[in-house]
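**Student:** Below is one structure. I have some questions about it.
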Amino acid sequence: MRERLQALKEEALAKVDQADTLNELQDIKVAYLGKKGPITEVLRGMGKLSKEERPVIGELANKVRETIAGELDAKKEKLEARELEEKLEKETIDVTLPGRPVTLGGPHLLTSIVEEIEDLFIGMGFEVREGPEVETDYYNFEALNLPKGHPARDMQDSFYITEELLMRTHTSPVQARTMGKYQGSKPVKMICPGKVYRRDTDDATHSHQFTQVEGLYVDRNVRMSDLKGVLNRFAKQMFGEEREIRLRPSFFPFTEPSVEMDISCKVCHGEGCSVCKGTGWIEILGGGMVHPRVLEMAGYDSKEYTGFAFGMGPERIAMLKYGVDDIRHFYTNDIRFLKQYHKA
Amino acid sequence: MFVSLNWLKNYVDIDNISSEQLAEKITKSGIEVEGIEYVAEASSNVVVGYVQSCEKHPNADKLNLCQVDTGDEELQIICGAPNVAQGQKVAVAKPGAVLPGNVKIKKAKLRGVESQGMICSLQELGIEEKFVPKEFAEGIFVFPEDAEVGADARELLNLDDAILELGLTPNRADAMSMLGVAYETSAILDTPVKLPDESVNLSSEQAADYVSVTVEDAELNPYYGAFVIKDVKVKNSPLWMRNYLIAAGIRPINNVVDITNYVLLEYGQPLHAFDYDRFGSKEIVVRRAHDKETITTLDDQERELYSNHLVITNGQEPTAIAGVMGGADSEVSEQTKTVLLEAAYFSPAAVRQSSKDHGLRSESSTRFEKGVDPERVKRAGLRACQLLSEYADGIILQGPVEFDELNCTEATVEVSTEKVNERLGTEITSDEISDILRKLHFGFKANDGIFIVTVPTRRGDITLFEDMVEEIARIYGYDNLPYTLPAGAGQAGGLTSRQSLKREIKHYMEGAGLMEAITYSLTSKERAETLVSPEIREHATQSIRLSMPMSEEHSNLRLSILPELLASFSYNTARKQANLAYYEIGTVFVSPVAEKLTEQPRELLRVAGAVTGDWLLHPMQQEKKQADFFLVKGIVEGLLDKLGITATFKQAKLEGMHPGRTAQVYLGEQSIGFLGQLHPSLQQSYDLKDTYVFDLDMEALLGQTNNEPDFSKIPRYPSVSRDIALVVDQEIPAGDIKATIVEKAGALLKDVQVFDVYQGEHLQAGKKSIAFSLFYQDPERTLKDEEVEASYQAILSAVEKNHQAELRG
Ligand SMILES: [Zn+2]
C-alpha cells in the first residue's frame, strides 16, 4: 500500500507539472483528491491492515494528499498569473495616442494682472476696496479737488447720466468715499481696482471702458520718498528686478506734488528704441502726495495727516508686459486671445 | 505748444546743449517733451538765386526759361510756376541737390531745352501746405529783396530748426508762451533770461482822442487796453517772423496779423487788431451780449449770442466775441490804415463758455481759458506796438486807453526747510532751497530756514505750501529723492472674505471649463434689456440711459451680462470658433426709473455664463458631446454645492429662453437667477447654434455661503441605500417628487438622487418612470431595517397621494 501511495504521488505530481491550463489542474484535483479518487480508495482498503500499520498508512495517505494539494495550489497560482499576464498583454494600447482633453477655463488677462497687483500691494499692507461704477459728480470730481468748471475736467470727458450722476472716470472716488467714511479717525491704506469709463472713441489705444487700480496711503508723516519706495518695489516685482524707475513731475488735481512714473524700456534697457519712442523710458503710472484740499474735504486735518496716491491702468501694463497691441482685444473676447494668456 | 529752439535762443542761451538733452531735462523737470520735430525734412544744396531773365519756353506755353545767378554760377532753369518773374530772389535746387522725400535734382531736358536745376516752392522744401503763405501757395517762394545771392536757402528759411512738442498739463499755462518756456529753461539750466524790447517811440497824438473804453462787467473783463496805431502799411512781415510762425504751426498772413500772433506766442497774451476805420464808432464797449444778438465772425459764420457770452462792441453792435474771435466787419485788410489794438484780460470762465458754445477753439481762447499772466497783458500790447512801428511803419499814439481793475498782486507762500524735508523725505539744505528759488526767478525773504516766497504772476498755479514743495522738488530733481518705505505701524493687508470668495468662484468656473470674459457695461438699449433675470426685472423695467451717448451701441447700462457675452460668441463663431464656454462676473445697474435719476442705481453683482458647441471632444475615440441643458445645470449645481447653498430649480418661462428648457433658481422663495437653453429665435439673432446660459445673483451667493468645513460630521456608521422607481404622468417634474420625498422621508434620509428617467416601451402612453436612490444614515448608530422600511412606506404613500405615482412593477 505504501508503494501504491508513493506511486500515486509521483504520478499526480508529474501530471501537475505537465498541466498547462486551469482546467487540467481542476481535472487532476478531481481525479486524485476527489471522493472517488485513488487515494480515497487506498484509505478505504485500510481495513485489511494491522492495527499498527493503520495509523502509519493513514498518515502517509494524508501527507500524499497534502503534497498533491499543495502542488496543485502552487501550480494554480502560477497559471493564473500567467493567464493574467496574457490577458493584460492583449489589452495593450498605443500610449502615444493623444489623451482625452480636459476642458479647462482660465482667467481673463486683465483679471490676472489686477489680481497680481492686488497681491503685491496686499503684501505691503494694503487692503482692497471696491465702489460703485455709477458715481455722483461730488465723489468723482468735487471731492477730488475738481470743482465744477475746473479746466482739468476737460482731461476726462465723461459719460453723464444726469447732471449729478455719471459713469466714474477713475476709481479715485472709492478713496474719497473711504476717507469720507473715516472722517480723519484713522489711517487708510488701500487699493481700489475697477472698471472706469470715458468718452473716447474705441481704437487701438483708446477704450470707452477700461480698468484702473488706484492706491492710497494716508497716515501721519507719509513722505514723498515713501511713494517712491513703494512704487519702486511694485515696479520691480511686477516687471522684474532689472527694471529701473524714474519719477517725473506731473499734474493731477488731487495730488500735489504730482508724479508720473516711467520704467526703463525692456527692449533697449534705456538706450532708446521704437518701443519707448527713443526715450529709453515707458510711462507706467501717475501719482503724488494727496492734495490738502482732498484730505480736508474728507475730514482729515492736512496739518496732521499726509498721504500718497497713485493710479495705473492694467490694460497698459498688460500691453507692455505681454505685447498686446490693441486695447480692443481685452473686450472682444476672442477665444484665441483669451486662451493665450493663462496664468502660469 | 510747439517751441522753436531757434526762436527760444532769443531769450536764453541754449547753444551748449543738444536739442535731445534739453528735451530730456525739460521732461524730467515737469513739462513733458512729447517729441522733437524739425521744420522740414532734410534737403541739401538749395541756395538763393537771382532771376536775371525769364522768358517763355520756346516749345511750351506754360513753362518759363530762366537764367538764374546763384552766386558761383549761372544756371538755366525751366520753371513752370505761374508766379516766377525776372528780378526775383528764389530758392534754387542746384543739380545734385536732394529735396525732402529724397527727390534728387539732376540736369534734364524739358521739351528740347536743358534745365540745370529747379526753382522751389515751400512745399517742395518740406513745409506743410497749410503753413505756406497764401501768396506762395500756388507757386514758387520768393525771398525778400535783401536776401543774399548764393546763401543757404535752408538756413534762411529756418528749415533746420528743431521744434519741441510740449505736452502741457493744465497747471502749466505759463509755458504756453516762449517767455514762459524761457523762464523754465532758465531755471533748469541756470542761465539768465533776456526779455524782448518793449520800448516804443510815441507820437504826440493821444489815443484817447480816437477811442474810449467802457467795460460793463469788470469781473469778466478786469483789464482792457486799446492802442491806436496810425499810418500802418499792411505788407509781408519779416522773413524771420514768418519762419518762427511756421515753426510754431501758424500760417503767416500779413504783418499786422502776424505781429499779433507772434506776440501771442511770445508773451502768451492774445491780442486782437481791429481796422479802426471799419470799427463803426469811436467807442469800445465791453458787455455781455444781448440774447439772440448776432455777429458775423472772421470765418464768415453768423453766430447767435446770449447773455453768457462776453462781447466787444462799438456801442451798437458786437465787433468781437471776447477772447475767441473777431468780427468780419472790422477785420484788418490790405487797405487798413489805422489799427485799433486790443490787449485785454478776459476771465477764463467767460471765454470757456463762448468757446464751448460756438465750437471755436483757438490759440487765443485756449490761453484765456487757462488764465493769462495779468502782469504781461499791457506789456504784450506795447511789444506789439514796438513791432508794428518797426515792421509796419506804424505811428504809435500815446496810450493806451484803458479800463483797469486787474489784480496783479503776487502771491506769497511760506515754506520752511524743515517742512519741505518732512514732506519729501529729503535732507535739502536752506542754501539749496535759496538757490532753487533764485533759479526759478521767485522773490523770497529767508530767515533761519523759513522762506517767504513771492510767486511771479505768471505762475498763478502756485498758491499753497504743497505747490511750492513741488517746485522745489522738481528743480532739486525727483531723481534725487531717496527711496523709503512708510514708517507708520503697518497694518496687515488682505482680502475680505467676500473678495476671497469671489476669487474662489472664479477659480471654480475656470475649473469647470469656462473661460473668463470681460464685456462692456454700456450696450444698446435692446441688449441692455434682454435676458434680464426675473428678480432684476422686478426692480427695473427699463435700463438707464446715458444723457449723451457717443453711439447707440453703447447708450444704456446693462441689466444683464448675457447679451454682450452672447455677442462675443457671435464674434467668435463668425471666425470659425464654434466651441465656446465663457463666464463673466460683473455689475448690472438697477434703478426704478430709467431717466432723471435722483440717486445712484443699485449695482448688483452677477455671475453669468454661456456654452455652445461641442463640450467633450475626442475624435479619436469617436467621442463628441454637445453642450446641453444638464451641462450648465451641473455647473450651477456644482457652484451651489461648493458654496454650501441649497437651492431649488423650477420650470420657468422667460423671455428669450426656450419655453420648455428653462429653470429658475430659488433660494427659498427668493429668485436668484435662471439657466437653460436660449430661445431659437434669439439664438438666431446672434447667429448661434444651440446655446445654454446661466445667470445668477452673486450677492445672494456671497451672502448665503456656508462653506466653512465641518469636520465633526464625518459619519462613522454605514449608510443604507434603497431604490424606488415610480411611474407618473409625463408632466410631473422630478423636482416636485423629490421635494415630496425629502419632506416625508424623515430625518434619517440624507440624500436623494435621480438615477434613471425612462419613457417608451412597456409604459403607458403619457407616463414616465423615474428612479430615485435614497440614502439613509444615522450618525450615532447603525440603522435598523424596520426604520428604513417605515420611511420607504411613508414616501410611497405620499407620492401616491400627491403625484398619483405608482410603484413600477
Ligand atoms: Zn526702448
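Placed from the backbone N, Cα and C atoms, the Cβ positions cover glycine too.
Pulled from TrEMBL, these are the listed features:
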{"type": "DOMAIN", "residues": "B:40-154", "note": "domain 'TRNA-binding'"}
{"type": "DOMAIN", "residues": "B:408-483", "note": "domain 'B5'"}
{"type": "BINDING", "residues": "B:D461, B:D467, B:E470, B:E471", "note": "Mg(2+) binding site"}
{"type": "DOMAIN", "residues": "B:715-808", "note": "domain 'FDX-ACB'"}
**Student:** Please compare the binding-site residues B:D467, B:E471 by how many other CB atoms fall within 10 Å of each one's CB, and tell me which has the fewest.
**Tutor:** B:D467
**Student:** Fewest other Cβ atoms within 10 Å: which of the binding-site residues B:D461, B:E470 wins that one? Let me know.
**Tutor:** B:D461
**Student:** Which residue counts does DSSP yield for the domain 'TRNA-binding' (B:40-154) in the helix, strand and coil classes, in that order?
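**Tutor:** Counts, helix then strand then coil: 9 helix, 53 strand, 53 coil.
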**Student:** If you average pLDDT over the domain 'FDX-ACB' (B:715-808), what do you get?
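**Tutor:** Per the prediction, mean pLDDT sits at 88 for the domain 'FDX-ACB' (B:715-808).
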**Student:** With DSSP assignments reduced to helix, strand and coil, which class does B:D461 (Mg(2+) binding site) get?
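**Tutor:** DSSP call for B:D461 (Mg(2+) binding site): coil, neither helix nor strand.
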**Student:** Per DSSP, what is the residue count of the domain 'B5' (B:408-483) in each of helix, strand and coil?
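**Tutor:** Summed over the domain 'B5' (B:408-483), the classes give 36 helix, 17 strand, 23 coil.
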